[in-house]
Amino acid sequence: MAHPVHVGLKEATSPFMEELIAFHDHTLMIIFLISSLVLYIISMMLTTKLTHTSTMNAQEIEIIWTILPAIILIMIALPSLRILYMTDEFNKPYLTLKAIGHQWYWSYEYSDYVDLAFDSYIMPTYFLEPGEFRLLEVDNRTTLPMEADIRMLISSQDVLHSWAVPSXGVKADAIPGRLNQAMLASMRPGLFYGQCSEICGSNHCFMPIVLEFSYFXDFETWASYLYIVSL
């Protein structure tokens, strides 16, 4: 969970987000080294009194500044491709959850359960309990089992939306008439917050997402309770 004067990415709860954080650090280190080298060369050019006005070509230097950037790009591309293919791999998900964006709320459908669907609206400020977060709480939290691969299907009923939960490393566009999919998982129980990340109208900032990851037994109990209530 983010907090005031928080700097950096949110704490990861999924293997995907852990990989993204590692890739971020890897790329940032490369950028830092390149920036340091460029600043050093600029400072040397501004302070040195040596000149080479007679130099017409330098084949060795040209080879170096052609090969070195190619190596750096490969060092960035390989881990990026690995994460890209990992996030697109769906190997027997435990359940499928469909998220549909509306102006301005989310609706969820559990495809593996009978009649398990609900709408999730932002919680009005005057209904908040002590310790709850303004503009982030919802009336119906999305409960999911931890340590399970969950396939997300994301779509929209009206305009473009984007379903995003930073701690889980998930961000997928919700496009009318189209289904996008993403893999979701959590290695620990808890509450994880997200928001619509695509400007979708005047109440765009009032479309929070709350995921509640729990143990398998608690999730099945919750699903059974909702089914009984819906009868």
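Cβ atoms are placed via backbone N, Cα and C, with glycine included.
For the topological domain 'Mitochondrial intermembrane' (1-14), the residues of the chain that approach it from at least six positions outside its boundaries are 20-21, 24, 166-170, 184-188, 190-193, 213, judged by C-beta separation under 8 angstroms. The feature topological domain 'Mitochondrial intermembrane' is assigned by Swiss-Prot to 1-14 (among others).
Same-chain residues lying 6 or more positions outside the transmembrane segment (15-45) and placing a CB less than 8 Å from one of its CB atoms are 9, 72, 75-76, 79-80, 82-83, 86-87, 166-170, 183, 185, 187. The transmembrane segment feature in Swiss-Prot is assigned to 15-45 (among others).
Predicted-model confidence for the topological domain 'Mitochondrial matrix' (46-59) is 74, expressed as mean pLDDT. What Swiss-Prot lists as topological domain 'Mitochondrial matrix' is 46-59.
Sequence-distant contacts of the transmembrane segment (60-87), counting only residues of its own chain at least 6 positions beyond either end whose CB sits under 8 Å from a CB of the stretch, comprise 16, 19-20, 22-23, 26-27, 30, 34, 169, 182-183. Sequence annotations record features per position, and here Swiss-Prot assigns transmembrane segment to 60-87 (among others) based on similarity to another entry.
Look at Swiss-Prot and you will find 88-231 (among others) tagged as topological domain 'Mitochondrial intermembrane', backed by similarity to another entry.
Listed in sequence order, the residues of the same chain lying 6 or more apart from CYS196 (Cu cation A1 binding site) and placing their CB within less than 8 Å of its CB are GLY101, TRP104, HIS161, SER162, TRP163, ALA164, HIS204, MET207, ILE209. For HIS161, CYS196, CYS200, MET207, the entry in Swiss-Prot reads Cu cation A1 binding site.
The secondary structure of CYS196 (Cu cation A1 binding site), as reduced to three states from DSSP, is extended strand. Residues or ranges marked as Cu cation A2 binding site by Swiss-Prot on the basis of similarity to another entry: CYS196, GLU198, CYS200, HIS204.
Residues or ranges marked as Mg(2+) binding site in Swiss-Prot: GLU198. Within the same chain, residues at least six positions away from GLU198 (Cu cation A2 binding site) with a Cβ under 8 Å of its Cβ are LEU160, HIS161, SER162, ASP173, ALA174, HIS204.
Counting residues of the topological domain 'Mitochondrial intermembrane' (88-231) by DSSP class, helix then strand then coil, yields 24 helix, 61 strand, 59 coil. Neighbour density at the Cβ, taken as the number of other Cβ atoms within 10 Å, is lowest among the binding-site residues HIS161, HIS204 for HIS204. Neighbour counts were taken at the CB atom with a 10 A radius for the binding-site residues CYS200, MET207; the maximum falls on MET207.
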